[in-house]
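Q: In case it helps, TrEMBL gives these features for our protein:
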type     : residues : note
TRANSMEM : 27-50    : transmembrane segment
DOMAIN   : 43-295   : domain 'G-protein coupled receptors family 1 profile'
TRANSMEM : 62-89    : transmembrane segment
TRANSMEM : 142-165  : transmembrane segment
TRANSMEM : 198-219  : transmembrane segment
TRANSMEM : 239-262  : transmembrane segment
Amino acid sequence: MSVVNNSYLTPVSFILNGIPGLENMHMWISFPFCSMYAVAVIRNCGLLYLICCEDSLHRSMYYFLAMLSLTDLVMCTTTIPKALCIFWFRLKEISFNDCLVQMFFIYTSTRMESGVLMLMALDRYVAICYPLCYSTILTNPVIAKVGLATFLRVVLLVTPLTFIIKRLPYCKENILYHTYCDHMAVAKLSCGNIKINVIYGLTVALLIGGFDILCITISYTMILRAVVSLSSADAQQKAFSTCTAHICAIVFSYSPAFFCFFSHRFGGHKIPPSCHIIVANIYLLLPPTMNPIVYGVKTKQIRDCVIKILLGSKDIKSHSI
């Protein structure tokens, strides 16, 4: 009986209530979510297949792009299928441990996305500022090491989030007004002091996001200086065009991230909760959807490989007929 009467218990499960205030529109909201998720999975899997199979894409730029695609797949698959289950089947329950696992993969993939974008900026810096040394600087072992270091950095900083959530005492309330297990949304259900959660969450965001943004800014400052110093307008345009897809990826990733970060801290009471949650889902869904499309359109080598595969399949069909 003493266990039952204890008001501080680790909850067996949480109830993910979806988007508050828009429950009647869940079915309509699910269609763009489902469409974007399908595009993200198909395009990113296709891009990974292309990079794996085409020898001409076995270069550092495309290896980093493969890391980005893999990260994007994890990021959207961790959240969107559960959101669709909430919208379509009202399957709102998620166990406490599953919630922690989902939280870990969400924050690992989003922070990894930032890290890979930083590595891609450094790749563009080396390619434009040191073109003759590009292949000797960014060798396969170097790419593997920096990729592993970026992943380990994220895991080491994100893993404590799950432990400081698990240590908190919880009362009877177990309803999360969200589509996934957000760190602060779960922490606010606790009866305990969540100051450590607030401080650590902000520290991780600044250590990873702040450092990555600083590196990206420095890289593009150096790139801009190098491009402006080129005498030929054609050379300048070609140099800028190699960065276009990456700049678009940065915009798709950081724009909703900045909105979520600043609106929670400076405009939390003015912006409806439904807006916060929709943008939070867009933050996890927009980059995986748009990145492979942008790189497919803006990168000539990828376009050529797609055309080559399509023409090859047509030739096979014509011969079989």
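Glycine residues also receive a Cβ, built from the backbone N, Cα and C atoms like all the rest.
How buried are the listed features, and what sits near them?
A: Long-range contacts of the transmembrane segment (27-50) within the same chain, counting only residues at least 6 positions beyond its ends with a Cβ under 8 Å from a Cβ of the stretch, are 19, 57, 65-66, 69-70, 72-73, 76-77, 80-81, 83-84, 87-88, 278, 281, 285-286, 288-289, 291-293, 295-296, 302, 305-306, 309.
Beyond the ends of the transmembrane segment (142-165), by six or more residues, the same chain brings 60, 63-64, 67, 100, 103-104, 107-108, 111-112, 115-116, 118-119, 183, 186-187, 196-197, 200-201, 204, 207-208 to within a C-beta distance below 8 angstroms of the stretch.
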Q: Same chain, outside the transmembrane segment (239-262) by at least 6, Cβ under 8 Å from its Cβ: which residues?
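A: Same-chain contacts beyond the ends: 68, 110, 113-114, 117, 120-121, 124, 127-128, 205, 209, 213, 216, 220, 223, 226-227, 230, 276, 279-280, 282-283, 286-287, 290-291, 294-295, 297-299.
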